[in-house]
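First the structure, in the form of structure tokens, and then the observations on it.
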Amino acid sequence: MNKWPRIMELIVAFGLIVFKVALLIAILLLLPLPLTWLERKIAGHMQQRMGPMRVGWHGLLQPVADGIKLLTKEDHIPAEADRFLFKLAPILALAPPFVVFVAIPFGETISVRGTEITLYLSNMNVALLFVFAVIGIEVFGVIFGGWAANSKYAVLGSLRTCAQMISYEIPMGFAVIGVVMLAQSMSLLDIVRAQTDVWNIVYQPVGFFVFFVAGLAEAQRIPFDLAEAEGDLGAGFHTEYSGIRFAFFMVSEYVIVLLVSVLLVILFFGGWNGILVPMPPLLWFLLKVAFFVYLFIWFRFTFPRYRYDQLMAIGWKVLLPLSMANIIITGVLLGAAAAP
Amino acid sequence: MTAMEFLPVLVMVAGVVLVAGATLFVSSLLRPSNPYPEKNMPYECGMDAAGEAAAGRFRVPFFILAILLVVFDVETMFLFPWAVVLKDIGLVGYVEMFVFILLLLVGFAYAWLKGALEWEQ
Amino acid sequence: MVPLWWYIVLGVVLFVIGAAGVLIRRNILVVLMSLELLLNSVNINFIAFGHYYDDFRGQIFAIFVIAITAAEVAVALGILVALVRNKSTLKVDDVTMMKG
Amino acid sequence: MTAAALLQSVLASLPEIVVVTGACTLLILGQFVQKRQEHFLVWASVAIVLIAALATLMLAGEVRPAYTGMFVADRFAVFFKFVFYLATVLTFLLSRKYADIEGIGSSEYYVLLLFALSGMMIMASATDLMSIYVGLELVVLCTYVLTGFLRRERRSNEAALKYVILGAVSTGIFLYGVSLVYGLTGTTQLDAMAAAVTGGPLDPGLLLAVVFIVAGLVFKVGAVPFHMWVPDVYEGAPTTITAFMSVGPKAAGFAVILRVFLNPLVAASDVWIIVAVIAVVTMALGSFVALVQDNFKRLLAYSSIAHAGFAIFGVVAGGADGIASVMLYLLIYSFMNLGIFGIVTMMRNGDFSGEVIEDYAGLAKQHPGLALLMLLYLFSLAGIPPTAGFFAKFYVLAALVERGFVMLAVIAVLLSAVAAYFYIRIVMVIYMREPERTFDPALTPLVRATLAFTAAGTIGIGLFPSWFLRLAQHSAFGG
Amino acid sequence: MGLPLLSLIVFTPAAGAAVLMFLRSDAAVRWVALGVTVLDLALCIAMLAGFDTTTHAMQFTETRQWVPAFGINYALGIDGISALFVFLTALLGSTCVLASWVAIDRKVKEFMVSLLAMEALMLGVFCALDLFLFYVFWEAMLIPMYLIIGVWGGDGRVYAAFKFFLYTLAGSVLFLVGIIVLYFNGGETFDILALTAQDLPFGVQSWLFFAFLVAFAVKVPMVPVHTWLPHAHVQAPTAGSIILAGVLLKMGAYGFLRFSLPMLPDASVYFSTLMLSLSALAIVYGGLLALAQDDLKKLVAYSSISHMGFVTMGLFALNLRGLEGGILQMFNHGVTTGALFLFVGLIYERTHTRSIADYGGMMKAAPVYTAFLALFILSSMALPGTNSFVGELLVLSGGFSANLAVGAAAVLGALLGAAYLLGMYGKVALGPASVSARFKIRDVNAREIAAILSLTVFVLWVGLYPKPFLNIIDASAKHLLAQVHGEESGP
């Protein structure tokens, strides 16, 4: 009759999962608020101005105001739109980045009142593939959104975004292969563990470069934010969206920025492994992520936007060959290292 | 256990959809709804919409891109497992994948030479 | 554990849906999607059987199927584009010119 | 797999490697070929095939299993490979002028043909359902594109699209059968499959699986019930490609069917009944529907269906002689069909399409030589001695009767008598009608050479079948 | 025996055809063709001169391996049965060339090539000692014959050619299956003599008998499957008709003689009544149809059906008189009907009409022509003193002893023959001179007389002194009969 303890155990495990998920969703949903504020502030200071100042101390409550505005704004659907797809698209765009975080480890374990709690939801052996697979779904949100609106700017924007995302997905995928070769695993946990001594950035500078640039493009950040180039496309695929549905796209974009930063840290910068300064691993991790997030914001106000054909050329003609060469050379070097 | 690895995914999907739905619901309670034909017209910088939106859907470069993606994505599919076990399968595995990549490079070079990567004609 | 025959039933159902889609639907894109379904039913079979036998062949086969199907779809789309440029329609019935 | 085994495998598959490497090289080099230098492409392609043929010959001495039992280089494969080489080289020779006229003379055309060739070679050598599948897809992918190569031509687009969709369905069916076989036996290797179920009574599930596989393969050879693509594709595709497809991939399909049927697992089952029905219905359909065709390419498509039916009779017969008879049939069919298609291809010149049978009215008046050649090919297709087509049919019939399928033999000959009707109808048009226009066939030296070669084969094998017969029998046993 | 005489005979026309392809002028083509056929005829005469009439064994045999895997040989040889037909073929070959000297005025070269190819193949059929080889020759004949009818024939030629082709093809494909079945049941050989020696079970025999029957009956033609013949004969050019009537029809009967009777003796005996009835039917039905014709060629064509009925009746009477009569009658029919078609052709060249009603009073306009015509008409009626009399008498006596009713029907047929032939002659040759009123008729010239005379010789020779011919047949016929009735006869 030791059935009951087993079931209790399962319930506890499940409860833990639900708790972690809820926490993750909460954090990820709220994070865009400070991030938008930060972005505008940084932009302001870089451009010798103050940024938002009115709502709250130094405009701290500005994002909250924005949120309320989006929540209460009229939700308008164009007359000729495919209503079902139009409504589906924002959710389809919102969900994938959140789901990806299931596979992301933030550290090994922490101890809460004597119980070891893992700092990740799931340690998949194919985590990396999972990440790419789920991120791939993001494209559908974009393309459905643009398509369903039945507006020229939206269609063009969605096609462009789609093309851009799939173009950069390839070098991104290739860039990671070097990392997998080193770690001999697709589990992100294993990949981080493999970097205990030396971070991958040392062995894989090219891979990092490719991943970083591709990541910028995947996140649709300047200099690659062609999709919503206000100058020529209105607002790209979400031209026709307003209100809360538009907010979903926004949130999704910020979560992706966060995600790319997290991945960069895990894949190339040793994850929670620290150097020199002893600090809790989680702190190390968050600091590194913060650095990359800042980098992304910084770039936004530093670089001009590329032309669309330049964007494609960079993806296909520079990054892809680079990443392929990276794989071949990594293989050779690995072989040379393994040889007696 | 596989189940324990992917259960969180399910929970997460459910969670996100729930949250999104709830937000939408709350918003629908708060927001006004006042559509009229002019408002419902697709945005075209204030001009009346001209022509079909679908006209742009069949631009060939997008298709070429899609096809290229398919090819390389599939290659990635082969590369990942290979990368994991590369150290175990040794030289033979390396050579085989090298041939594979080479073949893809030929295709890639062909596409490049053919001008498939040039966005503007 | 999920029993093997669940997978097989799933495979059969997908196969039937795919086949029916190919036969019944008149939009070429939908037909192509149905084809994917058809081929994915095969993949499910392969992976289920591979798992059952604890044999890697099933998975390999599935990967091959995915890869080759991708190529096939690429070709199909290319041909479709050529067709649409000559006559803009996606209806199967509108395409037919040759008979007999 | 060790490095040594890999080396052995590479050696065994040297011809395939030659073709693939050559095709890749040509793909890249082709981008640098200037206009008006396209003959380089033809000769380079021919050279690649010849080198592969040389390699095949050098390796023909022994049976070489390769790639952990997925591939084998044996005499059976060698025989088929030579049929493929023949088909491909002759197609190259025919293509030069035709491609100019149709404006499709790009390097891709030749490269795709080479890739299709490599796919067919893999099919002939494959001993695992997986490698069969890969080879098969390599062929059909190339032929899909080649079918739609006349991009500005609606019929070509349409044919290609139909071909892709139906081809994918048949592939799906084939794969489903393969997955069932894998599920029931736990392997995809042809040899191991048989070993996995020896002793036990034949599982109905397995029979179902085999039926699915057969159904998928039947598509590739254009037999009922998956024949409906054939006429449209043959009509829509560029004529040279039609010629190629009617011979090469079809032979490759038969190579696979024979491999699968060599397998005792299948041979022991009752699947031959289904195959026999397929053969009868295929031949009947091909023969009868061809009677009412006005388009020459379409007629040849139905003729090709009918011939596939006849060859399937050889498969039904089974046994060494049955296999050899199918092989010989395909070899002979290659000669005569490429010959007739060579003429159809050649007639395409200027504004003359050469596709309607009526176009050929009175050809004998102006070009007695060409008319005589057509007469030869047509009578060979009809199976009238002393042409090779007769001997091909004779051998299949002999194999059938030897196994006791006399009734099938009777049906086969009666249907071939029906088929003879539309062949001689064309002869009638050529010889017994007054010409309505002047013909201006594109008779380049290459085309002449092709026609001479196919004619020599058609009449030569007819008069002296002995050597070829021995070759086929010898190769059938080499498995 | 150093010289492969039979191969020479068979391939001389083929070689001639090949030579013709390179000639340019029509005149040269005609002369070379004539030369080749005459040379071939000479070879045949030489062959007959060296023919040993005392044995039934195959003579002038030659054997070469052809397809060893199937035991197929290139084997030629003749016995008493085939010798006559080889000769007849060669004889009619030169007649045909003469007959088409001016009748064929377009594509002369192609025509002569077809004609010579045809001759070669026909000779091959009669000489072949290998079943497979036989079939190849047999079937290959379709090609040139199809062209001869279809390209150089009359207005309805296309339909006629089609019908001819399909009937014969449909017949012979079953024959092919029969051959293959025979091969596997008869000890895996295609050697005709070896197959003859086999003793097959009755079941197999009867199936094969019907398979063969279809092929041979179409060629003969026997009544239910005769409908191709009137069309083919009417539409074919003169030479084509001569070949059809003179040789091609004989092939069916020859097939019975060579295969059905000796290889399938039990079935032949068993089904002989059926065959006799069919023959009688053909005799009467053909005669009646001929009586109703007003087209010269059609009349002769239907008369052929009737006459071939006599032949098959003789063969399936299964007694010596019937057999010898049948064989002789085949030869006679070849000569006589060939000549009749020649006559029709000659007159058609002049008037371009074949309707009997258009003619009359030919006696005045073309006395020589009419005189010869009378001779051949009489021959066709089997008047004593002509060749057919001998043959028909033998057949009738054989037929009566086999089956009284059938014999009676045959007599009725003979009477019908007299009726339509005399009626035709009366309308054409006698009566008011309507022809000369409308056409300028010239009498036959030297070339035409040469053609006619070559046939006339045999009408009279066989009619007055049939012994040499019967001698040739005798030994083989006796041996054949012994085989049918299951007895061994001496060499």
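Quick reminder: no glycine exception, Cβ is built from N, Cα and C everywhere.
Lifted from TrEMBL, the feature list:
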type     : residues  : note
TRANSMEM : E:6-24    : transmembrane segment
TRANSMEM : E:31-51   : transmembrane segment
TRANSMEM : E:111-129 : transmembrane segment
DOMAIN   : E:128-416 : domain 'NADH:quinone oxidoreductase/Mrp antiporter transmembrane'
TRANSMEM : E:135-152 : transmembrane segment
TRANSMEM : E:164-184 : transmembrane segment
TRANSMEM : E:204-222 : transmembrane segment
TRANSMEM : E:234-257 : transmembrane segment
TRANSMEM : E:269-292 : transmembrane segment
TRANSMEM : E:299-318 : transmembrane segment
TRANSMEM : E:330-348 : transmembrane segment
TRANSMEM : E:402-423 : transmembrane segment
TRANSMEM : E:444-464 : transmembrane segment
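Away from its own ends, the transmembrane segment (E:299-318) comes close to residues 220-223, 226, 229-230, 233-234, 241, 245, 249, 252-253, 256-257, 261, 268-269, 272, 275-276, 278-287, 289-290, 293, 324-327, 329-330, 333, 337, 340-341, 344, 356, 380, 391-392, 394-395, 398-399, 401-403, 406, 410, 413, 416-417, 420-421, 424, 481, 484-485 of its chain (Cβ-Cβ under 8 Å, at least six residues beyond either end). Through the fold, the transmembrane segment (E:6-24) approaches residues 32-33, 35-37, 39-40, 43-44, 47, 60, 62, 76-78, 86, 90, 93, 109, 112-113, 116-117, 119-120, 123-124, 127 of its own chain, all at least 6 residues removed from its boundaries and within a Cβ separation under 8 Å. For the transmembrane segment (E:111-129), the most Cβ-contacting stretch among E:135-152, E:164-184, E:234-257, E:330-348, E:402-423 is E:135-152 (pairs under 8 Å).
Between the transmembrane segment (E:402-423) and the transmembrane segment (E:234-257), fewer than three CB pairs separated by 6 or more residues in sequence fall under 8 Å, so the two stretches do not touch. Most Cβ pairs under 8 Å with the transmembrane segment (E:269-292) belong to E:204-222, among the candidate stretches E:31-51, E:164-184, E:204-222, E:234-257, E:444-464. Beyond the ends of the transmembrane segment (E:234-257), by six or more residues, the same chain brings 81-82, 85, 88-89, 92, 95-97, 99-100, 103-104, 111, 115, 118, 122, 125-126, 138, 141, 145, 148-149, 152-157, 159-161, 212, 215-222, 295, 297-298, 300-301, 304, 308, 311-312, 315-316, 326-327, 330, 333-335, 337-338, 340-342, 344-346, 348-349, 354, 480 to within a C-beta distance below 8 angstroms of the stretch. Looking at E:31-51, E:164-184, E:444-464, the range that has the most CB pairs within less than 8 A of the transmembrane segment (E:204-222) turns out to be E:164-184.
Sequence-distant contacts of the transmembrane segment (E:31-51) (same chain, six or more residues past either end, CB-CB distance under 8 Å): 5-6, 8-9, 12-13, 15-16, 19-20, 23, 59-60, 78, 83, 86-87, 90-91, 93-94, 96-98, 112, 115-116, 119, 123, 472. Within the same chain, residues 91, 94-95, 98-99, 101, 328, 331-332, 335-336, 338-339, 342-343, 346, 366, 368-369, 372, 375-376, 379, 384-391 sit at least 6 positions outside the transmembrane segment (E:444-464) and bring their C-beta atoms closer than 8 Å to a C-beta of that stretch. Sequence-distant contacts of the transmembrane segment (E:164-184), counting only residues of its own chain at least 6 positions beyond either end whose CB sits under 8 Å from a CB of the stretch, comprise 70, 131-132, 135, 138-139, 142, 145-146, 149, 190, 195, 200, 204, 207-208, 211-212, 214-219, 225, 227-228, 231-232, 263.
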